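Participant: One structure follows; several queries about it will come next.
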């Protein structure tokens with residue numbers, strides 16, 4: 001009997017890369033590969049990379065240096081280790097990766113990982129394999145579906161890609177160059193994927209795409225469907241109790257998506273809606289094609305449809321030309337919107353993007369100071385959001401055993417981790433939990449008696465008031 005070959009995948013960056021890594025595992029399973037958590041014992045190591053920020057790509061080269069040593073040690077033991085670089089760094093840098101690190105055997109872009117078996121065979125013949133073209137074939141049509149055992153092993157929550165690529169061409173962003181133009185999968189293919197996941201124990205689906213609300217896949221009626229229509233369709237699939245989506249662009253939010261938040265109990269009231277800056281001048285320089293007030297009005301529309309909605313976002317500080325007044329406008333926007341959480345980053349010029357050519361740069365010291373101020377504001381809002389849950393009863397979807405013996409951990413509608421003492425048989429269920437305390441970012445509570453809920457949280461008379469957030473006009 002042939003011994004299985006060991007595969008280790010390390011992913012950097014976004015949720016799409018987590019999903020892509022799972023599909024690479026599925027693509028390589030028929031070739032006899034099984035996953036291992038130990039890269040040093042693997043026959044194949046894949047670095048699934050992100051190119052959004054300079055630090056992310058440099059981490060990849062640092063990891064490749066370590067893997068070169070592991071590959072040499074494997075050779076001394078009479079064992080061959082193949083190293084592959086996949087994802088957006090592979091797409092952007094191509095053959096430069098092999099030049100910088102000759103230990104790499106395969107370089108494959110994110111639109112071609114269904115070709116991994118052929119590329120590995122090519123490398124086994126003594127060469128190096130490189131594929132970073134945007135192929136005309138649809139990779140999803142060539143990828144084998146995950147096996148039932150693999151689905152169950154991955155837990156009760158799953159990502160499903162519905163859209164890839166981006167046509168927005170924000171001046172700071174490499175995604176249109178590394179992921180290509182916006183492409184949407186047909187509705188029936190997505191439904192097929194979700195039914196398979198539900199049949200094997202998945203209870204929560206997160207629809208993902210570089211610009212997920214630009215979704216316009218062909219529906220069963222022959223017409224393009226928007227994301228809102230797709231969500232309505234998926235909410236009917238038995239077994240799926242929660243739906244999410246990420247990441248959204250403000251320009252592509254339409255009324256069907258807002259209506260879905262009004263109408264679908266399964267659609268979680270938590271929206272990741274990146275804005276990047278609160279300054280109209282900087283938004284224009286970024287080619288975002290919306291103003292800060294456009295964003296405020298959009299938030300108001302969501303909240304009018306469902307007052308329980310909370311938001312997270314992305315922010316960049318130190319974009320070329322950002323003045324003190326521009327940064328103050330960002331702080332004002334954050335204060336006015338009120339976020340349950342957000343990600344903030346210092347601007348990092350990416351080669352080949354229009355912003356990388358801008359001369360009016362912001363000093364590193366100023367960027368550092370602005371990042372600290374912004375993150376302190378965001379952290380204070382997140383702390384207030386979490387503290388407001390203490391003394392309430394919230395619905396939690398339980399996912400797995402926690403690190404502490406006897407504890408089970410799940411997530412609220414707003415992705416807050418919640419821990420209770422309970423038996424493992426609650427995994428996969430949505431149950432009411434009375435929140436008693438907060439430990440850093442995790443909620444601690446106990447199972448509550450089943451009861452009817454008017455929303456996603458019920459408050460006692462002496463509990464904190466509703467979330468400390470306001471909206472603009």
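All positions are counted from 1 along the displayed chain.
Cβ from N, Cα, C; glycine included.
What Swiss-Prot records for this protein is below:
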- 5-125: domain 'MTTase N-terminal' (DOMAIN)
- 14, 50, 88: [4Fe-4S] cluster 1 binding site (BINDING)
- 152-384: domain 'Radical SAM core' (DOMAIN)
- 166, 170, 173: [4Fe-4S] cluster 2 binding site (BINDING)
- 387-449: domain 'TRAM' (DOMAIN)
- 452-473: region 'Disordered' (REGION)
Participant: Compile a sequence-ordered list of residues in the same chain as residue 170 ([4Fe-4S] cluster 2 binding site), six or more apart from it, whose Cβ lies below 8 A from its Cβ; state 'none' when nothing qualifies.
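Facilitator: Spatial neighbours, sequence-distant, of residue 170 ([4Fe-4S] cluster 2 binding site): 276, 286, 287, 288.
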Participant: Between 0 and 100, where does the mean pLDDT of the domain 'Radical SAM core' (152-384) sit?
Facilitator: 96
Participant: Sorted by position, what residues of the same chain at least six away from residue 50 ([4Fe-4S] cluster 1 binding site) have a C-beta under 8 A from it?
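Facilitator: When sequence neighbours closer than 6 are ignored, residue 50 ([4Fe-4S] cluster 1 binding site) has 12, 13, 14, 17, 56, 57, 87, 88, 89 within Cβ distance under 8 Å.
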Participant: Would you please pick out, from the binding-site residues 14, 88, 166, 173, the one with the fewest other Cβ atoms within 10 Å of its Cβ?
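Facilitator: Sparsest of the binding-site residues 14, 88, 166, 173 by Cβ contacts within 10 Å: 14.
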Participant: So around the [4Fe-4S] cluster 1 site, 14, 50, 88 aside, which residues have their CB within 8 A of the centroid of those CB atoms?
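Facilitator: Neighbours within 8 Å of the Cβ centroid, excluding 14, 50, 88: 12, 13, 16, 17, 49, 51, 52, 56, 87, 178.
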Participant: Per DSSP, how many helix, strand and coil residues does the domain 'TRAM' (387-449) have?
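Facilitator: Helix, strand, coil within the domain 'TRAM' (387-449): 4 helix, 36 strand, 23 coil.
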Participant: Tally the residues of the domain 'MTTase N-terminal' (5-125) by DSSP class, grouping H, G and I as helix, E and B as strand, and everything else as coil.
Facilitator: 67 helix, 25 strand, 29 coil
Participant: Taking the center of the Cβ atoms of 166, 170, 173 at the recorded [4Fe-4S] cluster 2 site, which other residues in this chain have a Cβ no more than 8 Å from that point?
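Facilitator: Nearby residues not in the site list: 168, 169, 172, 174, 175, 176, 210.
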